[in-house]
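According to TrEMBL, the active site, nucleophile annotation covers 376. Taken from TrEMBL, the feature L-glutamate binding site applies to 103, 394, 395, 396, 418, 447, 448, 469.
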Ligand code: DON
């Protein structure tokens, strides 16, 4: 009886605390996987399982990172990669935080107007398809650098199960077979022949990538230099050049991943640590969160009119700054301090009103005083030692440039499209850039990737991130707010419908069939233009939350085949 009374009290309490969501949540189970000590959440079950296998062997998050990232290259060639790049944000068990930049770089022969014709117009497809779209890959450099510094196991034993996975085959999922079929003809055009992944592969078929198994075996034996200076580098450069590309052996040998100071800031009682330039993720996230901190989001309610308005207006202003100020910090001075100062951000929201939308045309990048002396996949890991990592890695578009190095077993990125090919002209994500993100030899293209770790009371609280191009930052933002402000579980927070504004084009992108008609009408009456077609599915967030009792809850996005595994 007492138990029943307690249950009724809990139910009525949660019902009175939780505002009725204005939008529908995906999935029926409110909680994700719960484990005691360790977890890997990634885009594929096989990759999460291999990460956990490495943890069980006594490895830590950085060993599991190498295994998970390489396993994604095997089972999730859509975005998992050896031919792309990424960013890592970590928090060690002792609270030390840091970040690693393994973003691709423009080749040495790259020039500012390389994607423009004689009249100065963008040549369609040149920065997105085929050999000219490829940036010098950083992934192998990144995973080796992180593992070498922090890992505990030897590379051979980490890569062993991954090599076996590539050699023994993996099963094609339904979503995957749809994507292979959709890309079949473009693969043939770009490669001049059929590749390993084609429209005949249907759900349940096995794919055996023996070429990738051989590449991984050489990496296990010879280390990172195999990829950048060894036989793999030679084969890769010959392949790219045979397809008309400009990447040289010197480009490969010169590539280095870099440790960076991450962006850290407070939001209420949370400390949020995210990726610094050349990703725009951390700075833009900080700008938005600081602009919205003063508003009572919790009282407004999850995806309520007022909450959506506040977020959208802050997003517009932050993306306007992104477009003007942000680029590779090794090439441009980024006024980070000014852009993230409280006074500046308070001022940015000064013209905001709940009455009506602020038109994008009346918003420009903010003026700052004087000079001061950013298809992808994300995975999150928490190990049994208390280390947490957030890693986002990408080929940019799905299967990158679509150019597939058959002899080596992997796709090459089309990350060059993340540069601003021409000031004011949108890239594939509709993002507009300026001088700060123009092309130069050896420069890194601006990213939106936002691998993020959140602390509460100086303890690890959450690790998360997502793919989604320009929508990455706002998906991470909404997931943090869903947990912190709206008290959703990690799985609910990940499942909840998402929206996005990036200043230009002046429209709110909203997930299709996800929001209530009332909210839609209310937003329209305030002057907001809504777009349900451009990005019908926004992001695939994978995260891990520490619960009050110390256990871990995984949030594996139902929008994909994403899976949490742990113990
Ligand atoms: O670095 C960036 O911002 C983009 N290249 C990420 C691409 C991406 O997320 C594609 N996924 N949908």
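Note: Cβ is positioned from N, Cα and C throughout, glycine not excepted.
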C-beta crowding around residue 469 (L-glutamate binding site), within 10 angstroms: 27
Distance-selected binding-site residues near ligand 1 (C-beta under 6 Å), from 103, 395, 396, 418, 447, 448: 396, 418, 447, 448
Neighbour count (Cβ, 10 Å) for residue 376 (active site, nucleophile): 28
Long-range Cβ environment of residue 103 (L-glutamate binding site), under 8 Å and at least 6 residues apart: 85, 86, 87, 135, 138, 278, 279, 415, 444, 445, 447
Count of other CB atoms lying within 10 Å of the CB belonging to residue 396 (L-glutamate binding site): 31
Sequence-distant neighbours of residue 395 (L-glutamate binding site) in its chain (C-beta under 8 A, six or more apart): 78, 79, 81, 83, 84, 375, 376, 401, 411, 412, 413, 414, 415
All-chain count of other Cβ atoms within 10 Å of residue 418 (L-glutamate binding site): 30
Greatest inter-residue Cα distance in Å for the L-glutamate-binding set 103, 394, 395, 396, 418, 447, 448, 469: 14
Cβ packing number for residue 448 (L-glutamate binding site), 10 Å threshold: 31
DSSP three-state assignment (helix, strand or coil) for residue 395 (L-glutamate binding site): coil
